[in-house]
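**Q** Feature table excerpt (TrEMBL):
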type: TRANSMEM; residues: 12-29; note: transmembrane segment
type: TRANSMEM; residues: 41-58; note: transmembrane segment
type: TRANSMEM; residues: 70-91; note: transmembrane segment
type: TRANSMEM; residues: 103-124; note: transmembrane segment
type: TRANSMEM; residues: 136-158; note: transmembrane segment
type: TRANSMEM; residues: 164-183; note: transmembrane segment
type: TRANSMEM; residues: 204-223; note: transmembrane segment
type: TRANSMEM; residues: 235-256; note: transmembrane segment
type: TRANSMEM; residues: 268-291; note: transmembrane segment
type: TRANSMEM; residues: 297-319; note: transmembrane segment
Amino acid sequence: MRLLERARKEWFMVGIVVAIGAAKLQPSVGVNGGPLKPEITVSYIAVATIFFNSGLSLKTEELTSALVHLKLHLFIQIFTLAFFPATIWLFLQLLSVTPINEWLLKGLQTVGCMPPPVSSAVILTKAVGGNEAAAIFNSAFGSFLGIIVTPLLLLLFLGSSSSVPFTAIFSQLFMTVVVPLIIGQIIRRYIKDWLERKKPPFSAVSSSVLLMIIYTTFCDTFSNPHIDLDKFSLVLILFIIVSVQLSFMLLTFIFSTRNNSGFTPADTVAIIFCSTHKSLTLGIPMLKIVFAGHEHLSLISVPLLIYHPAQILLGSVLVPTIKSWMVSRQKGVKLTRPTV
């Protein structure tokens, strides 16, 4: 199962490169008004498909057992949707005086505003042996919360730079995100047993649709002769993203392992991954809605496209180290318990 998941991630990363390359070769196919008609097929059908798929696949019925860990959930959600974007905003005030492309910097802010992913944080938490139930709960709850909070954060930190009015943004979000998600959850109740037996390829479906969204986004970029992305900015953004991930992972580790924090080593593992991972599957469709028609949408999307594979790669590399720490801490706790 783990090998299949790894193969799917590698396929998806290759798919991103192919999608961007195809957009570079023939951008006219995926631009607004082109043969693919992305203003309809992507803005409405593709986005709705992703969230309907999420509604079918989210196992919200298994989350009730994790509800009791209120302090843990509050920590993760506040860190993800408040501390993370606010800290990035302060950091960008310093970076604004540098020659880094301003639209890539805005893209960094959008990364900070994104909800946690539905899968990667859970998979890595499970690989380490951490609190998987907490990871599932916060990934699912964060996804639901992000539908409302993320667009508000984007408009708060970046302003209403979209050509779409505020009311139109939330109207489209409701119709293409909230409604399909709710319908998916309702249908899941009736076909849950069938879904558990057949295990439909939800991830593959979402990934394929997401690649179509990425392709059309970059078609808009390459068809615009006024957009120029310098390699210096791209390299710096890559370095900043890795540094941000490592810094936030270290921060969550320090906060959750303080004396009297009340968190177990297994809780800390879930906190590290759930608090620092950001969703590409939910993020790209939201950016497509909030910044619909924006000529720099693809540049704004670049940091999120980098952040996604970087968080998986970095998390995978750190799994043995975090697992070793967790096991040693758990053994230490057992040794210090008084015998009765």
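Just so you know, glycine gets a Cβ as well, placed from its N, Cα and C.
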**Q** For the transmembrane segment (12-29) and the transmembrane segment (235-256), does the number of C-beta pairs under 8 Å, pairs 6 or more apart in sequence, reach 3 or more?
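**A** No, the transmembrane segment (12-29) and the transmembrane segment (235-256) are not in contact.
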**Q** To the transmembrane segment (297-319), which of 70-91, 103-124, 136-158, 235-256, 268-291 is linked by the most Cβ pairs under 8 Å?
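**A** Maximum Cβ contact count belongs to 103-124.
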**Q** At a threshold of under 8 Å on Cβ distances, which of 70-91, 103-124, 136-158, 235-256, 268-291 pairs most often with the transmembrane segment (41-58)?
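**A** Between the candidates 70-91, 103-124, 136-158, 235-256, 268-291, the best contact partner of the transmembrane segment (41-58) is 268-291.
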**Q** Counting Cβ pairs closer than 8 Å, which of 204-223, 235-256, 268-291 has the most of them with the transmembrane segment (103-124)?
**A** 268-291
